[in-house]
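Enquirer: The structure is given below, and queries will be raised subsequently.
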Amino acid sequence: MIRTVITGITGRMGSTLLRLALDSGDLRVVGGTARPGSASVGQDAGVATRLGPVDVTVVDSLERALDAAQADVVIDFTSAELSVAHAKVCAARGVALVVGSTGFTPEASAALAESAKAVPIVAAPNMSVGVNLVIRMAAELARVLGPGFDVEVLEAHHRMKKDAPSGTALRLAEVLTEALGRTQEDLTFARHGQIGARPAREIGVQTLRGGDVVGEHTVYFLGEGERIELTHRATNRDQFAAGALRAARWVAGRAPGLHDMADVLGFQRTS
């Protein structure tokens, strides 16, 4: 059994991770955290999430969770700032880490990479297997279609999402620029007013926010007389949690290093 701690265990992603882990047969949840001052601190995690008792008491810090139980891996879907702090704790304790948070600054990404020198870390803006297949296919389409097609990325999420564009949209933009031999300067994140004709090298990344949209990403390849649309729509959070649990199985017991879902899924690197 892989002994697992879930940060933010009573939140939307945390409770989904707990539910799927309980049904997994090979993952044992031994700890969980909630923010300091949360009403769930001190409660049984299963009771707090209406799953029934699971004999895991919610605590208010990762340090306390790791003090209370030996763990093989921590799964973290909190925030970029907290994930960096949690990575430092895992590095000090020798515990593997799976990070699904988004909104990382370059400095935060560098701090995460520093912690990965001590422990294995899987970090990805989207843990869904389907999304990661879309990312891979988008890069391949861009390489095959080449400069004859204009490329745009559109993402939509619920009104409560704090960062924009989404981490997945930024990852799509990253692989598209690599595949097309372009740079960050070719990305545009907003258009307004008399902007003139579209530059040939431009890649647009646009954002929608509203309602309860779990997550939707579309890459448009716009050519003369034809258009290709590559879309992933999430209707619940189960696929994100399932991907994170898959990553937890993969990373537990590995040597230190920073990995992403392409490594977990065994994708051959193309760039």
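First residue shown is number 1, and so on along the chain.
Using N, Cα and C of the backbone, Cβ positions are placed for all residues, glycine too.
Straight out of Swiss-Prot:
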- His157: active site, proton donor/acceptor (ACT_SITE)
- Lys161: active site, proton donor (ACT_SITE)
- Gly8, Ile9, Thr10, Gly11, Arg12, Met13, Gly100, Ser101, Thr102, Ala124, Pro125, Asn126, Met127: NAD(+) binding site (BINDING)
- Arg35: NADP(+) binding site (BINDING)
- His158, Gly167, Thr168: (S)-2,3,4,5-tetrahydrodipicolinate binding site (BINDING)
Enquirer: Nearest to Thr10 (NAD(+) binding site) by Cα distance: which of the recorded positions Arg35, His157, Lys161, Gly167, Thr168 is it?
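Expert: Sorting the recorded positions by distance from Thr10 (NAD(+) binding site), the top entry is Arg35.
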Enquirer: Hey, which of the binding-site residues Gly8, Gly100, Pro125, Gly167 is the loneliest by Cβ count within 10 Å?
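Expert: Gly167, out of the binding-site residues Gly8, Gly100, Pro125, Gly167, has the fewest neighbouring Cβ atoms within 10 Å.
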Enquirer: Which number gives the other C-beta atoms within 10 angstroms of the C-beta of His158 ((S)-2,3,4,5-tetrahydrodipicolinate binding site), all protein chains shown included?
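Expert: Taking all protein chains shown, His158 ((S)-2,3,4,5-tetrahydrodipicolinate binding site) has 12 Cβ neighbours within 10 Å.
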Enquirer: Would you mind pulling the longest C-alpha to C-alpha span across Gly8, Ile9, Thr10, Gly11, Arg12, Met13, Gly100, Ser101, Thr102, Ala124, Pro125, Asn126, Met127, which the record has binding NAD(+), in angstrom?
Expert: 21
Enquirer: Which one of these recorded positions, Arg12, Lys161, has the sparsest Cβ neighbourhood, judged by other Cβ atoms within 10 angstroms?
Expert: Arg12
Enquirer: If one measures from the C-alpha of Lys161 (active site, proton donor) to the C-alpha of Thr168 ((S)-2,3,4,5-tetrahydrodipicolinate binding site), what distance in angstrom results, rounded to a whole number?
Expert: 13
Enquirer: Have a look at the binding-site residues Arg12, Gly100, Gly167 and say which one has the shortest Cα distance to His157 (active site, proton donor/acceptor).
Expert: Gly167
Enquirer: Can you give me the same-chain residues 6 or more apart in sequence from Thr102 (NAD(+) binding site) with a CB-CB distance under 8 Å?
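Expert: Result: Ala80, Pro125, Asp163, Ser166, Gly167, Thr168.
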Enquirer: Using C-alpha atoms, which one of the binding-site residues Gly8, Arg12, Met127 comes nearest to His158 ((S)-2,3,4,5-tetrahydrodipicolinate binding site)?
Expert: Arg12
Enquirer: Rounded to a whole angstrom, what is the C-alpha distance between Arg35 (NADP(+) binding site) and Gly8 (NAD(+) binding site)?
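Expert: Between the Cα atoms of Arg35 (NADP(+) binding site) and Gly8 (NAD(+) binding site), the distance comes to 7 Å.
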Enquirer: Apart from His158, Gly167, Thr168, which residues in this chain have a Cβ no more than 8 Å from the mean position of the Cβ atoms of those residues at the (S)-2,3,4,5-tetrahydrodipicolinate site?
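Expert: Counting only non-site residues, the set is Thr102, Pro125, Asn126, Glu155, His157, Lys161, Asp163, Ser166, Ala169, Gly215, His217.
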Enquirer: Count, for each of the recorded positions Arg35, His157, the other C-beta atoms lying within 10 angstroms of its own C-beta, and report the residue with the smallest count.
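Expert: Counting other Cβ atoms within 10 Å of each of the recorded positions Arg35, His157 gives the minimum at Arg35.
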